[in-house]
Amino acid sequence: MFLRSKKLAGIVAFIAFVLLGSCGTDGEEGCDSPLVANLPPSSFRSSSQLSSSHGPVFAKVNRREGAGGWSPLLSDKYQWLEVDLERRTQVTAVATQGRYGSSDWLTAYLLMFSDSGHNWRQYRQEDSLGAFPGNSNADSVVQYKLDQPVIARYLRLIPLDWNPTGRIGLRLEIYGCRYTSDVASFDGRSSFVYRLSVRTSWTAMEIISLKFKTLKNSGTLLHAKGQRDHSLNLVLEKGKLLLYHQQGVSSASGGKLLVSLGSLLDDQHWHHVKLERISTHLNLTVDKNTQQVHIPAELSHWHIHTLSAGAAQSHGLQKPILLNRNFHGCLENLLYNDLNLIKLVKQNSPHVTAVGSMTFSCTEPVSVAVTFTDSHSFLQLPGLTSWSSGVASVTLQFRTWNKAGLLLTFALQQQEGSVFLYLSEARLRLQISKADRTLLELSAGSGLNDGQWHSVELSSRENHLSITVDKDEGATAQTSIPLPLTSESQLFFGGCPAQSLECRNPSEVFQGCMRLLTLDNQPVDLIKVQQRLLGNYSNLQIDMCGIIDRCSPSHCEHGGRCTQSWSTFHCNCSNSGYRGATCHSSKYEQSCEMYKHKGNTSGLYHIDVDGSGPVKPQLVYCNMTEDKTWVVIQHNNTELTRIQASSDRNQHFAHLDYFSEEEQLASIISQSEQCEQELSFLCRRSRLFNSLDGAPFSWWVGGPGSGQIQNYWGGAVPRSRQCACGLKDTCLDSSFYCNCDADYDQWTDDSGLLTHKESLPVRSLVLGDIQRSRSEAAYKVGPLRCHGDKNFWNAAFFDKETSYLHFPTFHGELNADISFLFKTTFSSGVFLENLGIKDFIRIELSSSTEVVFSFDVGNGPREVKVKTSLPLNDSRWHSVRAERNVKEASLRVDNFPANTQEAPADGLIHLQLNSQLFIGGTASRQKGFLGCIRSLQLNGITLDLEERAKITPGVRPGCPGHCSSYGKLCENKGGCVEKPNGFSCDCSHSAFTGAFCHKEVSASFESTTSITYIVKDPYELSENSSTMPSSIYSDITLRGENISLSFRTSQSPTMLLYVSSFHREYLILLINKHDELEIRYKLHSSRDVEVLSSRVMNLADGRLHAVTIRRQADTVSVQIDQNAREDFNLTSDVEFNSIKSVILGRVPETEGLDAELSGLGSLGFTGCLSGVRFNSICPLKAALLHPDSRVIVTSPLVQSSCASSSQAGPYAAETTHSLSDQPRSVDPGQPLVNVIRSDSALIGGVIAVVIFVTMSALAVMARFICTRKETFQNHQVKAAQPEDSREFPFSSQADSLGVPSENQREFFI
């Protein structure tokens, strides 16, 4: 019974120990006990007291002793109240109260904490805002719960503001609980090694956690060694914590850096570190920041054998990362998988070997620092009496982020000059000046604004003056000019007092920290300075270094580089592809569809499929030549590749590497409405599948990630083991499902498109049946092509003011960007709203010309407004983009100037929302939006408005009516056609072609070239004319014409256009012998020709000229290029009857023309014609693109570009346009081939590949074009076995960019 009781007592004691010990790590549950009420009077200190009854000992909440609380002698910002909790304690909350029965209370204060009563640290909310809200009267108690508990022995409260009609008055309470821990102190020579007992199996998780504090900026914290001599090293270097992977006992390398985290960790404050190995990745946490890194392959099944703490090299371990840099400081609660290693050292565990002098308490050297916070900060110290001997020295250490600032200045009384020791461009400079004339200038050091501590020594003795930076590690400069310092000299550090006659500062003020100030090797007692017993100061924080690393962690996203000064940070977004204050917003559009609807044409573009999300921008080809907009993604083998038979191998393997990364490919496929990829197999005695039962000879791998094996071919459906011909029942041999499976000794093929997005892209190809004699094959895998942007047209129509869509809470704590398009006929309404307890975010149309972006992150409501000069309720699409980050908030509407509002320097930064996100309305169902919202994206994620609208009353999915906004993109008389998702341009009545009817249709003419467009045949004159191509010709009588064309020629005279009639009437455009334009009208067969001559000269100069002619009855206007319009009047007649034909080039029949015109007609035209349009007839376009019975073409007609002096290549118009060619405003999302920047190398490489592919294709085509025709002459006869042909009859098509072949034709008609 006694033994059982003893065991039970032991278990109870163990549980109690564990529970108490847990306070050293977590222990927050129930940690809210009042701590001040029972403290003795000796635990309270203050900067001063108004009287003995106003002393700090009376500053206890709800106590009325003395004067009812603490009040200092003076009410200013240099006062403080300090509480000693007698031991390190976990503090979770602070409460304040005013002085009893008075008008004295605080309205705002700072909270500082310390372990030693020195080296104070300010508690910050969200790492930015330091001020706590105080009281509004003397009686109420205001409690503030700390977001992160503080572990400290001393707390100091500094008043910032107080009741303006009273003075500082305070009672306080502190809440928390006891904190226990195991601590070990390392002196730079001590360490210990823990050796694990034999491990039976590998575990998926290992965790090491600890706290440390140090004044040294470098040293090795941990060295974890496992099997195969692999090790992980956790080292402190320049105040940052670095994790290295090292291999080999005698490895001479410094190891591979896996991750770097934290900054300014040498501040002699406790920092929490946790290293987790979880399956395939490592998590490193420093204080509140965590970074994840994938485990190197060689560590995939690695685990720790020995763990060394505090030593750079110990007990035969590898070469240290930091030579001779052991850890100097304290470690607390070093846990390995919940095993307390420091406790094992204390217990002399056989698994632990300790080296050197290690103690189990943390003694701190007292080092008092001073912080220069702003432009009014300075420290003034008197000279020493010993300086009368002419020998003087001043030393100090400083740290700062600023490149410039005054460190020290003093006057030379005898020489009437001044000495300045200051930073300029991050170098230390010493300047001696007199009467604004520089007598001496020295400089030393560089890069001194890196936030590290740097030592400076200024030494003066007879005939010698020197400045030294960082002793042995820095630089020294010296001169023979002495400094005659005296005991009457006044030294000013950091800046000058206002309106001082003794001190002037030609540089900027110093913002940063200083410590270890000495005058002639005598330390300056900064505590006496704080007590006003020595020197003078203003706007200083004494006994603390308040430097903050605003770049750790960095708020710069997407690889933006962070730089900082004392008060702010800056993100350099160069070469990142992003922009904005934090490099949050992408420079590029999210799809080719978006580029198209900004009026861009085909070319190479960067697209960023998820906007501000993590997927990087990618360079793709956007093919906009069709009604659909295709994004084309190339890979490393889009050419037709031939495989020769070989008995040495059974299979041919081809791996495809795409020019886009995996995440980019997956995002494009997911976002697109349809994707496709050509897959072709050309064969001769080389089978694909052979049968439905046996193992296939060939297969391909496709789909997301590593892909899956696919057993169908282009044109068939997944899992069918068929080719296109099998699906259509058109195979050469009906007993097989692929042409190649018939195993004919002839060339045949199985080709088609793969269209199932789940199987794309094709990643690799395995081709079998290539080892047999006479087996031959070739394959081609085209580029991945996708069209349709599901996000861009996703829309909802709100037809009731009380209707709205709701979505989950928007999470944009530090960065939030919101973009959408809207159209409405109403003048106000809320687009979007999301609420928190106090925080909120809202975007609304406040009037017909104003959009407001409002939010609150805890610093009070703020608004960013954009007023427009044009109404926004015009039923056209308008774009809105709002962004809020830790530096600023901005709002842009359409292309109007954006409005930006900076965030407060020390304000709260986290946007904390908790309600549903409301779209098109608010939770109160008031001020709802009426109209359409489209393409709504939050931080790059598109909200599916259409799906939610389908189940929401008062909201309809989709929103028609796009031509009102985008119709202007249809150029050159092209008509806008509405579509459910978007629009298209109808170019049937335009002389131009292309997605926007913007692409010229032009051709080179020789003297024998002729195009005749027959408007009406003779037999049609008596028939109903409803079948005519245009209603204009229903009565065959014209009272007006609209003519436009462009030409380039060096021939004169020459005829440009001839319009004939059945009644010997005609209209002719020609260049006369004086190189001028003439329009000749003969509108009545019995009257003379009327000649209209333009005054514009030199039209046959070989340059491109544009002509526009409009006639309305007897009024004719002529416009040539940019010249002034010329107006003429006809006198003979106004009706042009019975139009017969429109002729370009040589006129085949000149009946009815006089001798001069007949001669011109027979000479023909030599040059280039483009964009020819006669009313709605486009004869040149009809001849080139739509030849039919109405168009007669004689002699060769070659399509070319009139805009170029030489014939352009097939892609010239698509890939070489520049920003200056764009008719619209310059935008960062313009085609990247057009911008001279760092991306040009990449683009040049892509273009070079395109040229190489094209030339290779042409070579192959020339080699096999004849035999291809012969081989396939009788291909339609399925059952017959054709004659043997050994030639390879197929060629690669130069269509890797997906441009339609009509742009590459040469016509012989």
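Going from the start of the chain as shown, residues are counted 1 onward.
Heads up, the Cβ atoms here are built off N, Cα and C, so glycines get one too.
The feature signal peptide is assigned by TrEMBL to 1-27.
If you look up TrEMBL, you'll see 23-177 marked as domain 'F5/8 type C'. Mean pLDDT of the predicted structure over the domain 'F5/8 type C' (23-177): 92.
TrEMBL lists 182-362 (among others) with the feature domain 'Laminin G'.
Under the heading domain 'Laminin G', TrEMBL lists 368-545 (among others).
What TrEMBL records for 547-584 (among others) is domain 'EGF-like'.
Sequence annotations record features per position, and here TrEMBL assigns domain 'Fibrinogen C-terminal' to 583-635.
Residues annotated as domain 'Laminin G' in TrEMBL: 794-959 (among others).
Over all protein chains present, the Cβ of CYS932 (disulfide bond) has 23 other Cβ atoms lying within 10 Å. According to TrEMBL, the disulfide bond annotation covers CYS932-CYS959.
Annotated domain 'EGF-like' per TrEMBL: 960-998 (among others), in sequence order. Sequence-distant neighbours of the domain 'EGF-like' (960-998) (same chain, 6+ residues past either end, Cβ-Cβ under 8 Å): 593, 596-597, 599, 601-602, 624-627, 629, 788, 793, 823, 875-877, 1030, 1044-1045, 1171-1173, 1176, 1178, 1180-1181, 1185.
According to TrEMBL, the feature domain 'Laminin G' maps to 1016-1202 (among others).
Taken from TrEMBL, the feature transmembrane segment applies to 1241-1266.
For 1279-1309, the entry in TrEMBL reads region 'Disordered'.
Within its own chain, the domain 'EGF-like' (547-584) has Cβ neighbours under 8 Å at 127, 240, 261-264, 289, 371, 399-402, 451, 511-513, 606, 608, 612, 616-617, 814-815, 817, 883, 885-888, 890, 905, 1228, 1238, counting only residues six or more beyond its boundaries. Among 23-177, 182-362, 794-959, 1016-1202, 23-177 has the largest number of CB pairs under 8 A with the domain 'Laminin G' (368-545). By number of Cβ pairs under 8 Å, the domain 'Laminin G' (794-959) is matched best by 23-177 from the list 23-177, 182-362, 1016-1202. The Cβ of CYS959 (disulfide bond) has ALA795, ALA796, PHE797, LYS823, CYS932, ARG934 as same-chain neighbours under 8 Å, each 6 or more residues away in sequence. Mapped onto DSSP classes, the domain 'Fibrinogen C-terminal' (583-635) shows 5 helix, 18 strand, 30 coil.
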